[in-house]
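Please read the structure below before turning to the comments.
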Amino acid sequence: MSATPKPLVLIILDGFGHSDKPEYNAIHAASTPVYDRLRATYPHGLISGSGMDVGLPDGQMGNSEVGHMNLGAGRVVYQDFTRVTKAIRDGEFFDNAAINQAVDKAVAAGKAVHILGLLSDGGVHSHQDHIVAMAELAARRGAEKIYLHAFLDGRDTPPKSAQPSIELLDAAFARLGKGRIASLTGRYFAMDRDNRWDRVEQAYHLIVDGAGQFNAASAVEGLQAAYERGESDEFVKATTIGAPVQVEDGDAVVFMNFRADRARELTRAFVEPGFQEFERKRAPQVGFVMLTQYAASIPAPAAFAPEALTNVLGEYLAKNGKTQLRIAETEKYAHVTFFFSGGREEPFEGEERILIPSPDVATYDLKPEMSAPEVTDRIVDAIENQRYDVIIVNYANGDMVGHTGVFEAAVKAVETLDTCVGRITEALQKVGGEALITADHGNVEQMEDECTGQAHTAHTCEPVPFIYVGKRPARIREGGVLADVAPTLLTLMGLPQPAEMTGKTIVELE
């Protein structure tokens with residue numbers, strides 16, 4: 001018999017925060033007999049998943065990429081958001097070699113600089129201040145033709161909140177005396193991550209060919225027209241602003257999203273040789289720059305190269321001869337693999353992965369259970385087989401259904417999670433295994449904006465639950481953060497903590 005319980009399952013309930021407020025709280029409204037029993041029976045507490053505790057600016061809500069990086073690294077990982085913001089403040093951004101090389105080449109040839117990005121203050125995939133800085137950089141370096149192709153948010157921000165961001169950029173271009181917003185579309189089209197190429201195709205043709213479904217004299221007018229059509233920010237259809245603009249050979253294109261997962265598909269359409277996901281009417285040869293590295297396989301320079309993380313949990317388990325399973329449905333598969341492994345695509349030795357397809361629905365309020373039951377089937381099977389020392393699972397429901405803003409669907413999502421967690425803990429009891437239950441950030445515990453009365457579709461800064469489900473006597477240390485979770489797993493496995501992991505165990509065995 002092994003010295004420590006096996007398997008140890010880390011259950012990450014994506015978007016499942018804790019709030020004492022019952023109003024518009026899908027967790028409070030749901031029937032959760034399993035969650036209630038676990039909290040009544042086992043050591044539990046709350047840990048932080050936002051702000052500087054996860055390497056983000058103070059007061060910045062956490063997100064799935066950041067959360068999983070911290071969970072897997074066992075140390076606070078200073079995020080690309082923070083790196084870029086600091087570089088702008090310090091002035092280093094304006095000396096960035098990758099961006100300047102592309103811009104200077106375009107300027108020397110009398111060509112345009114196109115800026116792509118999610119125009120919002122959400123801070124999850126991008127930040128509007130970074131886009132302003134990019135416009136300033138292009139103007140400083142002599143670009144006369146500067147075009148912003150703005151993707152609208154409404155997901156990490158309220159559903160109809162884009163106008164102040166548009167006005168901020170209009171004012172920035174006016175101040176610079178050059179540049180303008182050339183197109184608008186919702187992130188639903190430009191930032192897909194599930195191979196829904198028909199959406200990406202519309203965004204690509206809008207940017208490259210100036211082919212929009214609608215045209216407006218100004219970006220604000222284009223936005224208002226979309227609202228009148230019943231479209232919120234996320235779903236704004238392809239709209240050209242003023243005289244339509246095309247991307248030409250020799251232009252520079254800088255994609256200002258710092259988060260990789262929703263920037264990859266559109267980037268591939270621009271730069272991938274032999275791209276075949278849809279027919280490109282034109283494929284201009286441009287100087288394309290990614291703000292960060294969206295994937296090692298994408299043939300384009302990154303302004304901010306990835307910072308290597310060593311001895312992350314997956315790597316350290318492999319070094320110690322332990323086996324691990326990573327499992328999630330499509331929406332969160334990258335998080336439980338690439339991001340949890342510190343930005344590494346390949347599995348470690350002894351690591352196996354299971355990808356369960358996410359349901360093919362337009363929005364997940366239409367199927368709030370998503371693929372959680374199928375994910376759970378595979379986990380229960382893995383527990384019963386006792387093939388793995390560690391199982392790491394992400395359940396997407398709280399986040400993905402929370403993002404829809406549909407309260408009744410969010411309640412159903414929480415109830416689905418409760419059932420699934422019950423099945424896992426029951427299977428673990430039969431084999432003597434243990435579990436840690438936590439989340440990466442909040443979302444589903446706040447489904448309405450108290451100030452505006454609109455649906456609250458964004459993440460929150462609320463703490464997240466942490467439960468140790470095991471037979472060993474233990475207490476929970478207060479003041480924990482996501483970076484403390486990996487050291488906690490090592491403690492429960494009886495493994496020493498590597499020096500690179502600066503987090504501290506949350507579960508103190510008695």
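Just so you know, the numbers here start at 1 and follow the chain as drawn.
Each Cβ is built from the backbone N, Cα and C atoms, and glycine gets one as well.
According to Swiss-Prot, ARG155, ASP156, ARG187, ARG193, ARG259, ALA260, ASP261, ARG262, LYS332 bind substrate; the candidate from HIS114, HIS125, HIS127 that the record adds to this site is HIS125.
Swiss-Prot lists ASP399, HIS403 as binding Mn(2+) 1, and of HIS205, HIS459 the one it places in that same site is HIS459. Per Swiss-Prot, Mn(2+) 2 is bound by SER64, ASP440, HIS441; the candidate from ASP14, ASP121, ASP389 named for the same site is ASP14. Here ARG193 (substrate binding site) is positioned 20 angstrom away from HIS441 (Mn(2+) 2 binding site), judged by their C-alpha atoms. Looking only at Cα atoms, ARG262 (substrate binding site) sits nearest to SER64 among the recorded positions SER64, ASP399, HIS403, ASP440, HIS459. Report note: the Mn(2+) 1 site is defined by ASP399, HIS403, HIS459, and the residues of the same chain whose CB lies within 8 Å of the CB centroid of those residues, excluding them, are ASP14, GLY15, ASN63, SER64, ARG155, ASP156, GLY398, MET400, GLY402, HIS441, ASN443, VAL444, THR457, ALA458. Using a 10 Å radius centred on the Cβ of ASP14 (Mn(2+) 2 binding site) and all shown protein chains, the other Cβ atoms total 27. On its own chain, HIS403 (Mn(2+) 1 binding site) has GLY15, ARG155, TYR364, ASN443, THR457, ALA458 as residues at least 6 apart in sequence with a Cβ closer than 8 Å to its own Cβ.
When the Cα of ASP440 (Mn(2+) 2 binding site) is compared against those of the recorded positions SER64, ARG193, ASP399, HIS459, the shortest separation belongs to SER64.
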